[in-house]
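A short worksheet on the structure shown next.
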Amino acid sequence: MASNSVQAKGNLDLDPDLSVDQCCLRECLNKTSKLLKPGDARVNVRAFEATSKGSKAVNWKEGGVAFFHWPCWAELVRATKDTTSAITLSDTERSMILDAKKTAEFHDSDADICLEAEKIAHILQHARYCIGFTGAGISTAAGIGDFRGINGKWTEREKVKNYGTKGASKFKSAARVDTLRPTYTHEALLKLQEMGLLKFLISQNTDGLHRLSGIPADKLSELHGNTFVEKCETCDARFERPFPCRRGNGAFEIKCKRCKINHRTGRRCSKKGCNGYLMNTIINFGDYLEGNVLSRAIDEASLSDAVLVLGSTLRVTPANNLITMGDRPMKLIICNRQTTPHDEDCKVEGPHGHALGSRVFGDCDVLMKSVMACVLKPDELRVWEDGRQARMKQYGQKRSAPR
């Protein structure tokens, strides 16, 4: 490895959401301190906002948000179904905790992340064929929302559906997709690919940030499409645009038989002799994945002996099946804020009794800063990170190209 854990920790940026706070369990189980400082292990949750007042086990924040030490949250969850717990819950608070459980976001301590980063770097450097798999969680730092977290899109819909506008959060809406820029993690994945440590990338994201960061199209399967790519429905030619390829309106409009949404953008194919209608490539609920895109992803996944999963809860099929198609025993690495159905697969042991993979709870950017400090020499890391500002300008130029 190029550097040690002390160097890796020095490159960590603190998540602005993780400010100094206090554990929201009134009778906090942490005897040292109720404080939750940046870099501490913690659990963030969001329940519905109760209208009733009175004594509670939890000091809920505005909007039903709360923060806990890991053991405190675990005991609260146990108290919802175990009468032997020392915590007594009202019926309302029991419902709040069960509601919050669906949104729980876990964060390992910075110290633990640095230790896991060394292990992950070793896996990347010694894998025969490592692939990446990404979800919405790698783009939250760019300003786009995820799905199942505290402020996730599906969380918001559920809160409004069940509790009306009072259930909606007061947080700002996501940024326009054409203003988004690659995060540290996007750039780290490109760098790993350039170093030969990452052979292929499979993504569930439609934001176009992998392509904008520089990942070659032939090294990427965008399972759910790309907002900036449209294709001809006649000859299947593809066109990458500097602007979002939204569905258009007009006489050309025709609704998809499966998702009931019009995919046509209003433009025509410029390939000689074609002139077919162009369609966006977004896969909506009910749509089939594109056969050639899925087939390539399956081929690459089958070759893998290690998989780096970043920012996905791995709950959408058939995409989540791809990560276990490779050689067994699989070296599986997962980093995101929420639990996944494949967490135990990270703990599969090798012949020496040690886990072959790694499971990290937290933000992808925080982990990847430590990983890159392990795979790059200090001078190389500094030069690469210092170039981010110039790369941001290049991304802006690509997005502002003439239409």
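A Cβ is built for glycine as well, from the same backbone N, Cα and C atoms used for every other residue.
TrEMBL entries are annotated by machine, without manual review.
Look at TrEMBL and you will find His224 tagged as active site, proton acceptor. Following the DSSP three-state reduction, the secondary structure of His224 (active site, proton acceptor) is coil.
The Zn(2+) binding site annotation in TrEMBL covers Cys232, Cys235, Cys269, Cys274. Its Cβ taken as reference, Cys235 (Zn(2+) binding site) is surrounded by 13 other Cβ atoms within 10 Å in the chains shown.
Taken from TrEMBL, the feature domain 'Deacetylase sirtuin-type' applies to 110-378.
Least packed by the Cβ count within 10 Å, out of the binding-site residues Cys232, Cys269, Cys274, is Cys274. Sequence-ordered, the extra residues of this chain that approach the Zn(2+) site, with Cβ no more than 8 Å from the Cβ center of Cys232, Cys235, Cys269, Cys274, are Glu233, Thr234, Asp236, Ala237, Ser270, Lys271, Asn275, Gly276, Leu278. The binding-site residues recorded for this entry are Cys232, Cys235, Cys269, Cys274, and the Cα of Cys232 lies nearest to that of His224 (active site, proton acceptor).
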